[in-house]
């Protein structure tokens, strides 16, 4: 017998009451969510499913689980027998199924109760349908929670809040043991979206007919903005489930048939983020009765669609940097990083930015700030979509998901008055006060472009962390999340050095595994996971004051550090606050679309020795491998790193007379750059090792791009926002200063 089953069937009558509510949900196109926590979970789920089948005889079903956990496959097989249209999805591969829409979603939460998975799968449920989450015990035996556990210690503040909110919300069936909590919702409170085709549309009627909401019709027509002459940016934002990617896909099919843009690129953090665009390009071309050719990858991904002289193809963000074309579409732009967007906008005349706001793939709030700044620099049109198409407006489960995962959390509106009260707030205090939690979490998600529901669980459940809050006028305006790391045993250090994960100690893990700094693991440290200030109060020194307070709190601690995705302005902030770069990842983190940097502020003599040695090695690595390992890194960032790291390496020696003569000849225009390339390399290496002159960051970055990274004048210009000629002028000016200083 499968664990969790109960052949007695005594619960059947408890749930034999929902049929009329399920029918009302079909009429109102809203969803139900069922949460079942019970030892006889299978019997309860089966009874609920039987009732649902009375309303929908042949539902499309998605089943989420970890197939390799004990008994999980057996449970899945039992459910599969009940349905004709059944798709089982491994949680780990669920990103591939973004955009799916089905009647019934069943989630096996016996071995995992992870916020990202719950948000993603519940979102696949369409109006009139139901999502079911079942578990024997939501608080124990969960994979993601184990990753937050250290020395057997972990909290359960996130789950308890989740369950408390579930009991209060209408439309949620909560069965805990034999206790049922359920308050019905009503179809009178919902409004289903409908298409609204303009009287004289410029985009073909066949494409408008494929739309499911007036918002989608609006996107089709207003996107024509991008086709007018000159540099233009089109921005499309919406919460999840509004059909923004579908709308852009239909619009691209129109552009292809008109052959307005011959070469269209689509990029996104992962291919699956933008697969709906390609699906709807195909639907659009089919509706227009246009023949096309598909180019697919070995695993079946549609990588390119070609018709006539036009093509749409997907490329990764890294490759998109060096591609050329007529139009580029960046899907899930909020999750891709503002530095990348700056680079794209520098090189492209026609750009479409599509992103989710209030989504589980990353907060769009930082992106919206970015868009507002763009409006003063470029001709920009911003289209907002409000109406959901997967379910009706007013859907109770969307409201619950927004609240339980704080997808729309906003910081309190208060201007800094010069007074800052800084306090250490416990996790328990935070999760007991929902207003405080929303304000604090709102600051975190507004200030950072990469956020997910998992972050909220980490905030509530991971022990060994401090939450420091800065208040002005009694309201939070800044937050710092700190976790204790280090103080490792010899066995733990050996395990990490042999490749075993220990993500609870991120900074020691990276420095032990990749830098082989074994004894660093014995030091006690604090890692600042996140520090954020509300948008209207940034640039006023508040973050720096919070850091100084954290340093004061760090009694008996050897170091305070941070790890983040390499970004020029962020790195400059940490350097300004006395932190030294000691590590830069050699491989790009594809999920975060960037390289990770570690900075450390030494608080003890022991840690200072490590900082000097590690930062010297980092400088040496940058000097030797920027042409290879860090070719795509922002040259300004490389220059900033090398200007703020130590130098233990030997000096380069005197500049040979022939080198001096060659550089002078280049500056005077008598020989081309390639003739003096090795000379320039010698001189810039000597400069960064000795740092005898304060060369401007612009000049240093130009030298880094051309000399150390080996970029062409054109690609160096793209990275720096300059013309090829301007880059060469800066290189000559920089070499002239270096020659005077070091020869």
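Using the three backbone atoms N, Cα and C, a Cβ is placed for every residue, glycine included.
Residues or ranges marked as ATP binding site by Swiss-Prot on the basis of sequence analysis: 216, 241, 242, 243, 244, 245, 246, 247, 248, 249, 250, 390. Around the Cβ of residue 216 (ATP binding site), the same chain contributes 195, 243, 246, 247, 250, 385, 389, each under 8 angstroms and 6 or more positions distant in sequence.
Residue 531 (acetyl-CoA binding site): 28 other CB atoms within 10 A of its CB, across all protein chains. In this structure, residue 531 (acetyl-CoA binding site) is part of a beta strand by DSSP. Here Swiss-Prot flags 531, 532, 533, 538, 539, 540, 541, 542, 543, 544 as acetyl-CoA binding site.
Residues annotated as domain 'N-acetyltransferase' in Swiss-Prot, with sequence analysis given as evidence: 420-604.
Annotation for residue 539 (acetyl-CoA binding site): no same-chain Cβ neighbours under 8 Å separated by at least 6 residues are found. Those same-chain residues not listed among 531, 532, 533, 538, 539, 540, 541, 542, 543, 544 yet with C-beta within 8 angstroms of the centroid of the acetyl-CoA site C-beta atoms are 478, 537, 545, 546.
Take the CB of residue 246 (ATP binding site) and look out to 10 A: across all protein chains shown you find 24 other CB atoms. In the structure as shown, the Cβ atom of residue 244 (ATP binding site) sits within 10 Å of 26 other Cβ atoms.
Calculated from their C-alpha atoms, the gap between residue 531 (acetyl-CoA binding site) and residue 248 (ATP binding site) amounts to 35 Å.
Each residue contributes its Cα atom, and for residue 248 (ATP binding site) and residue 541 (acetyl-CoA binding site) those atoms are 41 Å apart. Of the listed binding-site residues 250, 533, the Cβ environment within 10 Å is emptiest of other Cβ atoms at 533.
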